[in-house]
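These features come from TrEMBL:
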- 5-366: domain 'Isopropylmalate dehydrogenase-like' (DOMAIN)
- TYR142: site 'Important for catalysis' (SITE)
- LYS200: site 'Important for catalysis' (SITE)
- ASP232, ASP256, ASP260: Mg(2+) binding site (BINDING)
- GLY295, SER296, ALA297, PRO298, ASP299, ILE300, ALA301, GLY302, GLN303, GLY304, LYS305, ALA306, ASN307: NAD(+) binding site (BINDING)
Amino acid sequence: MGNYTIAVLPGDGIGPEVTDEAIRILDAVASRFGHSFTYQKRLVGVAAIEAEGDAISDASLEVCQRSDAILFGAVGGLPSYDGSHKVKPEQALFKLRKGLQFFANLRPVKPLNSLLSASPIKAEVLRGADLVVVRELTGGLYYGHLEPPVPGKPSEIRQTEQGKSAIDTLLYSEAEIERILRVAFEAARDRKKKVTSVDKANVLSSSVLWRQVANRVAADYPDVTFEHMLVDACAMHLIRKPTNFDVIVTENLFGDILTDEASMLAGSMGMLPSASLGTHETAHGRLGLYEPIHGSAPDIAGQGKANPIAAILSAAMLLQYSLGLKSEAAAIEAAVEQVIQAGYRTEDLREEETKVLKTQEMGQKIAAVLAQ
Ligand code: NAD
Ligand code: IPM
Ligand code: MN
């Protein structure tokens, strides 16, 4: 039995819809296991820009820093805040990730057996797939060459004599590469003991350095099988034979793109959770930021069509990684599996002979299983 404080940042579009369901599940866990969760809800994204002048205020950032864990929905996607707007809702993510030094983003991909037919990939290719992408989250193209690195800044469009030009810089230090590689190897030791380091070393200098550091770190883990793979080939192999992978470790943008692709192995963007971790300690463990990998999905927002499972599984990761509540996390995963197995789906996973539920109904079904 424990008391925990969770900062909750629902955000834009379907963010609040799916976050409400994650909270419903945390409440169900609290009553079943006798815990108490105090939620500190704060504005983030468009609502925060309009009310507080920033995508996330410093006061909210402090609430996050003082919490035991952070649950995040999604930001962005409103036409009034497109790429040309001065303050972008997405900056909330950069402020959180960089500000709280969440350099390791874990994105597990484990297609449920009862969902294999919902994926566009053949069931026989998917069966047994169980991988995690360890995405570097505070460096690379997202942050550029300014010291201290400022997201957005190096990619500003400039007027030159030849017309407009823009630049993004892909910078990694040895220390940044080494710490993310170590996260990957440690994760592999608890799994199938294989690491695939993904880069573009045939073109990029940052990838050549990445390989050198990766080789050095790999030597410390002789019990783990290690390979390098070029990112374009990886995009292909992920679909060709996903069961060949265990832990994939890669730079920020490659990890972003590969995980949207990998979500199709699990059937939908609405199925993939994530945990972002750093070194910040709390009374209960390590501070972490937990969010689905998907965005605010403006095309389906407000219609009850959003799949809340990615958010719910992110809450399970929160319990496991930041609060050390492993059985509680496992109970959520089992409840999700049971509900899917029973043929309940949201719109994104609609198939013949399934029962399609609204976002809230899906949350209620999973909560009901947890309450049994
Ligand atoms: P998106 O992930 O929001 O949506 C991509 C597609 O997947 C859409 O068709 C959407 O309907 C579907 N989808 C996503 N989540 C779903 C769910 N839970 N259930 C059912 N279907 C789901 O990506 P996008 O449309 O390219 O981006 C929209 C906005 O979201 C952009 O502003 C982007 O910057 C932002 N974004 C934010 C985050 C985040 O906050 N972490 C992540 C990704 C994108
Ligand atoms: C994600 C998102 C973000 C990213 C965007 C919204 C900045 O796509 O969390 O995957 O690229 O990191
Ligand atoms: Mn993304």
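Using the three backbone atoms N, Cα and C, a Cβ is placed for every residue, glycine included.
Annotated features, which come from TrEMBL, shown on the structure.
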{"residue": "LYS200", "record": "site 'Important for catalysis'", "Cβ within 10 Å": "18"}
{"residue": "ASP232", "record": "Mg(2+) binding site", "Cβ within 10 Å": "13"}
{"residue": "ASP256", "record": "Mg(2+) binding site", "Cβ within 10 Å": "19"}
{"residue": "ASP260", "record": "Mg(2+) binding site", "Cβ within 10 Å": "14"}
{"residue": "GLY295", "record": "NAD(+) binding site", "Cβ within 10 Å": "20"}
{"residue": "ALA297", "record": "NAD(+) binding site", "Cβ within 10 Å": "23"}
{"residue": "ASP299", "record": "NAD(+) binding site", "Cβ within 10 Å": "10"}
{"residue": "ALA301", "record": "NAD(+) binding site", "Cβ within 10 Å": "19"}
{"residue": "GLN303", "record": "NAD(+) binding site", "Cβ within 10 Å": "13"}
{"residue": "LYS305", "record": "NAD(+) binding site", "Cβ within 10 Å": "19"}
Of LYS200, GLY295, ALA297, recorded positions neighbouring ligand 1, Cβ under 6 A: GLY295, ALA297
Residue with minimal Cβ packing [other Cβ atoms within 10 Å] among the recorded positions TYR142, ASN307: TYR142
Pairwise CA distance, ALA297 (NAD(+) binding site) versus LYS200 (site 'Important for catalysis'), rounded so that it is a whole Å: 30
Where the C-beta lies under 6 angstroms from ligand 2, the matching recorded positions among LYS200, ASP232, ASP256, ASP299: ASP256
Cβ-based neighbourhood (8 Å from the centroid) of the Mg(2+) site, residues ASP232, ASP256, ASP260 excluded: VAL231, ALA235, LEU253, PHE254, GLY255, ILE257, LEU258, THR259, GLU261
Inter-residue Cα distance where the pair is ASP260 (Mg(2+) binding site) and GLN303 (NAD(+) binding site), in Å: 23
Where the C-beta lies under 6 angstroms from ligand 3, the matching recorded positions among TYR142, ASP256, GLN303, ASN307: ASP256
Integer Cα-Cα distance in angstrom, ASP260 (Mg(2+) binding site) to ASP299 (NAD(+) binding site): 17
Residues GLY295, SER296, ALA297, PRO298, ASP299, ILE300, ALA301, GLY302, GLN303, GLY304, LYS305, ALA306, ASN307 [recorded NAD(+) binders]: greatest CA to CA distance in Å: 15
